[in-house]
Amino acid sequence: MGPAEEKIERDPFDNLEDPDHTAFASSPSASKVRPFNFEPTVVDFRSSSAFNIRRMSRSIYFVLIKAKINILLPFGPFAILLHYLTGHHGWVFFFTLLGIAPLAERLGYATEQLAFFTGPTVGGLLNATFGNATEMIISIYALKSNMIRVVQQSLLGSILSNMLLVLGCAFFTGGIAHYQKVQVFDKAAAVVNSGLLLMAVMGILFPAVLYFTHSEVHEGKSVLSLSRFSSCIMLVAYASYLFFQLGSRQNVYSPVNEEGDSGENSDEEEELELSQWEAIAWLAILTAWVSILSGYLVDALQGASESLNMSVAFISVILLPIVGNAAEHASAIMFAVKDKLDITIGVAIGSSTQISMFVIPFCVVVGWCMGKEMDLNFQLFETATLFITVLVVAFMMQEGTSNYFKGLMLVLCYLIVAASFFVHVDPKSGDD
């Protein structure tokens, strides 16, 4: 009896660190002792609950509070309140723009956190995709409202903004920060992106030329048919480009792992702050909130044009893309100051490539499925602007070097484009 008693006193959960309790299970007296010890279960439940609350508070802090741009988040609900209380389209449009700006940046942040779990290649593609999520959501809402010209002009404006304003500001600030040296970037990757942009110009140019030369085989139908066919070809080309990047030794979307990235640079990179499922959940929440605000933004667009005395073309090409590209703008400048121009090129030019070769054809196909006559006829003025912009940027990047003067020229070119659209009247404004 003595040895048995000693075993019973010694046996219950003798090894608490053993998750399977194998030592306890092997005891002949395990069935007697196990039902009487409930305390470990209670302690585990309390600590798990406290841990979940701490984790949730930490996640909310990192996503909604930590970043300085989050000070603009309350403007989103405020814009919705104004919509129902006053109906003043100008103020609703302005505050909705302010409310969407931090959401675009936070989408980029959540995607970067998810990239820690997916790896650099898939993470880079996710970053490029969700970086343009705002433009895609706004475009789909505008398509549902049959505002085809707004879709075309806002996507065109995103390309122009990324190639001239974002890249120009990045080159300028990087050149000022590194005044004594010549900043260099991978010329081969820039040439590939330039080629894709020229292909996009070709896809957009021919429907416009066909329309304005009145050389359609079936008047009123050939331009739409050509646009849909060209969009499918452009989507195939972009998919091939992604396959090429994923299979090649150098990935345009993940230039972080390059020769200059050693321990010193890794310290500057963003730390892991969210778990995988937290990042996915925040991506879903932020995307849903952007969708809600985009609906109010599109509804207020026409009224804002009248109350602000600005053309819909200027608002679509200049104002909307500045908000949608806020995240790209900030990150491109930051990497240029850190002398990581390959990442800057990937952000600015890579985003332009994705909009021109994926988002625009995707919108044509979505419009096709919705029964909307979305085509690639962007009108002569917009098509000529895009063509000249792609040529200017291609010439700027052909040497694989940058300086503050190149950046200044790109920004000045953007000011000329902005002034041109300010005095431009859309000949098909009735479609809006």
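Any Cβ shown, glycine's included, is placed from N, Cα and C.
All annotation found in TrEMBL is predicted automatically rather than curated by experts.
Straight from TrEMBL, the features:
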| type | residues | note |
| --- | --- | --- |
| REGION | 1-29 | region 'Disordered' |
| COMPBIAS | 1-21 | compositional bias 'Basic and acidic residues' |
| TRANSMEM | 60-85 | transmembrane segment |
| DOMAIN | 90-246 | domain 'Sodium/calcium exchanger membrane region' |
| TRANSMEM | 124-143 | transmembrane segment |
| TRANSMEM | 155-179 | transmembrane segment |
| TRANSMEM | 191-213 | transmembrane segment |
| TRANSMEM | 225-244 | transmembrane segment |
| TRANSMEM | 279-298 | transmembrane segment |
| DOMAIN | 279-421 | domain 'Sodium/calcium exchanger membrane region' |
| TRANSMEM | 310-337 | transmembrane segment |
| TRANSMEM | 343-368 | transmembrane segment |
| TRANSMEM | 380-398 | transmembrane segment |
| TRANSMEM | 404-425 | transmembrane segment |
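The transmembrane segment (225-244) makes no contact with the transmembrane segment (404-425): fewer than 3 of their CB pairs lie within 8 A, with pairs spaced 6 or more apart in sequence. If one looks beyond the transmembrane segment (310-337) by at least 6 residues along the same chain, the residues whose Cβ comes under 8 Å of a Cβ in the stretch are 69, 93, 97, 100-101, 104-105, 107-108, 131-132, 134-135, 138, 149-150, 153-154, 156-158, 160-162, 165-167, 169-171, 173-174, 177, 183, 301-302, 304, 343-344, 347-348, 351, 382, 402, 417-418, 421-422, 424-426, 429, 432. Below 8 angstroms of C-beta separation, residues 124, 128-129, 131-132, 135-136, 139-140, 143, 148, 151, 155, 158-159, 162-163, 166-167, 170, 174, 185-186, 189-190, 193-194, 196-197, 199-201, 203-204, 227-228, 230-232, 234-235, 237-238, 241, 252-253, 255-256, 325, 328, 331-332, 335-336, 374-376, 393, 397 of the same chain, each at least six residues beyond the ends of the transmembrane segment (343-368), sit close to that stretch. Counting residues 6+ beyond its ends, the transmembrane segment (380-398) has Cβ neighbours under 8 Å at 152-153, 156, 159-160, 163-164, 167, 185, 187, 190-191, 194, 197-198, 201, 204-205, 208, 212, 317, 345, 349, 406, 409-410, 413, 417, 420, 424 in the same chain. Nonlocal intrachain contacts for the transmembrane segment (279-298), taken as residues 6+ away from its ends with a CB within less than 8 angstroms of a stretch CB, comprise 59, 63, 76, 79-80, 83, 92-93, 96-97, 99-100, 103-104, 106-107, 110-111, 113-114, 117, 130, 133-134, 137-138, 141-142, 145, 147, 150.
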